[in-house]
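Annotated features, as they stand in TrEMBL:
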type	residues	note
REGION	1-21	region 'Disordered'
COMPBIAS	1-11	compositional bias 'Acidic residues'
TRANSMEM	48-66	transmembrane segment
DOMAIN	56-542	domain 'K+ potassium transporter integral membrane'
TRANSMEM	90-111	transmembrane segment
TRANSMEM	179-202	transmembrane segment
TRANSMEM	222-240	transmembrane segment
TRANSMEM	247-269	transmembrane segment
TRANSMEM	326-346	transmembrane segment
TRANSMEM	366-393	transmembrane segment
TRANSMEM	414-436	transmembrane segment
TRANSMEM	448-470	transmembrane segment
TRANSMEM	504-521	transmembrane segment
TRANSMEM	541-561	transmembrane segment
DOMAIN	555-788	domain 'K+ potassium transporter C-terminal'
TRANSMEM	581-599	transmembrane segment
Amino acid sequence: MASGMEIDEENNNNNENKGGMWDLEQKLDQPMDEEAGRLRNMYREKKFSTLLLLRLAYQSLGVVYGDLGTSPLYVYNNTFPRGIEDTEDVIGALSLIIYSLTLIPLLKYVFIVCRANDNGQGGTFALYSLLCRHAKINTIPNQHRTDEELTTYSRTTFHEHSFAAKTKRWLEAYPFRKNALLILVVVGTCMVIGDGILTPAISVLSASGGIKVDHPKMSNDVVVVVAVIILVGLFSLQHYGTDRVGWLFAPIVLLWFLLVGGIGIFNIWKYDSSVLRAFSPVYIYRYFRRGKRDGWTSVGGIMLSITGTEALFADLAHFPLSAIQLAFTVIVFPCLLLAYTGQAAYLMQNKDHVADAFYRSIPESIYWPVFVIATLAAIVASQATISATFSIIKQALALGCFPRVKVVHTSKEFLGQIYIPDINWILMVLCIAVTAGFKNQSQIGNAYGTAVVIVMLVTTLLMTLIMLLVWHCHWAVVLIFTVLSLVVECTYFSAVLFKIDQGGWVPLVIAAAFLLIMYVWHYGTVKRYEFEMHSKVSMAWILGLGPSLGLVRVPGIGLVYTELASGVPHIFSHFITNLPAIHSVVVFVCVKYLPVYTVPEDERFLVKRIGPKNYHMFRCVARYGYKDLHKKDDDFEKKLFDNLFMFVRLDTMMDGCSDSDEYSLYGQQTQHSRDYNGNSSTTNIELSYSSMDSIAPVRCHPQGNNTLTSSGHESNQTEIDELEFLNSCRDAGVVHILGNTVVRARRESRFYKKLAIDYIYAFLRKICRENSVIFNVPHESLLNVGQIFYV
């Protein structure tokens, strides 16, 4: 992770008195501020026509509601694993399901939590990014005031003495609280990864169980083999992406909802319409009074009716909130209520069939068509959860909480659709192991419930902070929301605790493993960043070397990749200490991620000059959001140089405009220019304007050596400007200089620190992708600089 864009040490004391040039900068910035405000509000003000809204709501069925919609396959089986003794228990269980669906997915998520999106992005990391913009809680201080001027960096302000301000100061007071919040977010992330393993296992296994219903003598091993084959096929097709088969998802899920809703109506009419009395909450009280401990533990099975709700929030980015709300209230919610009520009506007459309640309740004439649709719906549900897992790992990767892995875009139209090969195969192996190991949906359901309820608890705690810091709700409203949510979710949590030894330990083990990996990686990243910050080279040292840096300046451009956005990194001093030459132009390239969902292309690069002009040293910061994919494609280097050349043009234009004796001017300028094709574009560039030295002319000798002069006059050579010099250096060759750092724990460090740094972190760095691969640096243009530092 990189630091925020800061003023170099040579600029620190020279920005207080900017005079007329500062006024000019403010005038240039003003239109940008208005445009930024317009863009920030465009998403909120966008109105959808009725026809478009209906189409988006229809499409959201296949992406968002697959997991939630397949829950009727296994809820009653997991609620009554030992069978039904009293038919009144069916009424009580149905009443619990009705109010669970109403309180959690409908009221809490669809109408409250989904409104806490980050410019349309959902999930735990989206909530965390919102909090990072409203409070300084990021464990790696990688923000700068220029980042707050991004059009996507939307945030609200609050009064200094408000309750929100007090909460903000409380969070920022101690590093322990920041780390605790990060761990909370990482725990939620690990549980979502657990969902990505358990959802395909329980959905596909439950759907495959329909074969055994029609053939009772069939061995359960056959069902498991069929489920494993489907899972292998599902994970093997992930590299194609959801975009190619996405057009199938919506009609499958819509047909599924209509089928289960219609079957529910048929069963209510045919078997027992008295189950409708379950809409009275009185039966919940009677259920717990009659069942006591067994009734309490059965809540762990009932909560499977709301699994997929967390995926609903995570997949929010694909559709507008109004479309998701419309689809849930018109199609999903009523069809699910009818499905559960219909199964309850069937069980009132056939309580011995609870193990296969869904398939037993299907009319015989449509059994096999429903079986096929159920299997396809289970695959869709699995696909949605797997895609959400990829997205949340990408977010963790962007925030420095996950080892570097390969991320592939599967769609040119939808940036959110990605594929991570390494994670895909890990998920497949773990999913098959869970399916083949448990062989029944009951124990997998216990594990699934544990993962889901912990994600919901994490979301509730994060929402409490969102309501205080972002929405500025009154503390009483926040208290009511938090207490009501915790009462319901802690009830579920206490129920699943009784089933830890019956499969509930699986997500805890999986989450613990991923939590260890993510936290150790983040810890090592923080320590490496702190070392870079403390060991960076002062500008006084660079200036003392002179224009040639005390070395031979060879033709070409050296791109020095660093995690710092201020000062000269230690890797550079290490490089020039051991080698007698450096390139004629040096550009320090910093790629950093911000707590925003995306950074617009025209605001991605910040450029500034380091030292006097005749040093030809620059800094370029490339900024990305957690949804952006930095794959260092062919355009990255071109865009970097385009922004560098634009900076030089602006710097040349403004040279001599100031009558002050200041050394530098630091700010943002917006230049409307024309690209090579004649199209209008806006380039957002960070200027460092120097009035001490004029642009130094460069003499190009036939041998290729460059001699810099400070007089500004040519001697026996044609005068060329800095742009021509940069172009000639670019033609001479570009070399990518990367640091190959090794992190070690000090000898006096404690045992756990040595274990984390010397073994776990070192192993993760060894197996993860190199920076040269991530930046797609050609092998012939790569120069690694090795160094060891102790933490």
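One is the number of the first residue shown, and numbering goes on along the chain from there.
Each Cβ is built from the backbone N, Cα and C atoms, and glycine gets one as well.
It should be emphasised that the depicted structure is a prediction, and the values quoted were computed from it without experimental measurement.
Beyond the transmembrane segment (581-599), the same-chain residues lying 6 or more positions past its ends with a Cβ under 8 Å from any Cβ of the stretch are 1-4, 118-121, 126, 128-130, 132-133, 138, 142-143, 147, 150, 152-153, 317, 398-400, 415, 549, 551-565, 568-569, 572, 575, 610, 616-628, 630, 640, 644, 706, 725-726, 729, 732, 735, 775. When each of 48-66, 414-436, 448-470 is scored by its Cβ pairs under 8 Å to the transmembrane segment (222-240), the top-ranked stretch turns out to be 414-436. Proximity of distant same-chain residues to the transmembrane segment (247-269), defined by a Cβ-Cβ separation under 8 Å and at least 6 residues beyond the stretch ends, is recorded for 58-63, 65-66, 69-70, 72, 275-276, 331-332, 334-343, 345-346, 361-363, 366, 370, 373-374, 376-377, 380, 383. Long-range contacts of the transmembrane segment (326-346) within its own chain (CB-CB distance under 8 A, at least 6 residues past either end) are made by residues 53-54, 57-58, 60-61, 64-65, 68-69, 71-72, 75-76, 90-91, 93-94, 97-98, 101, 105-106, 110, 254, 257-258, 260-268, 270-273, 275-276, 278, 305, 312, 353, 357-358, 360-361. Counted over residue pairs 6 or more apart, the CB atoms of the transmembrane segment (179-202) and the transmembrane segment (366-393) come under 8 Å in at least three pairs, which marks the two as touching. If you take every residue in the domain 'K+ potassium transporter C-terminal' (555-788) and average the pLDDT, you get 67.
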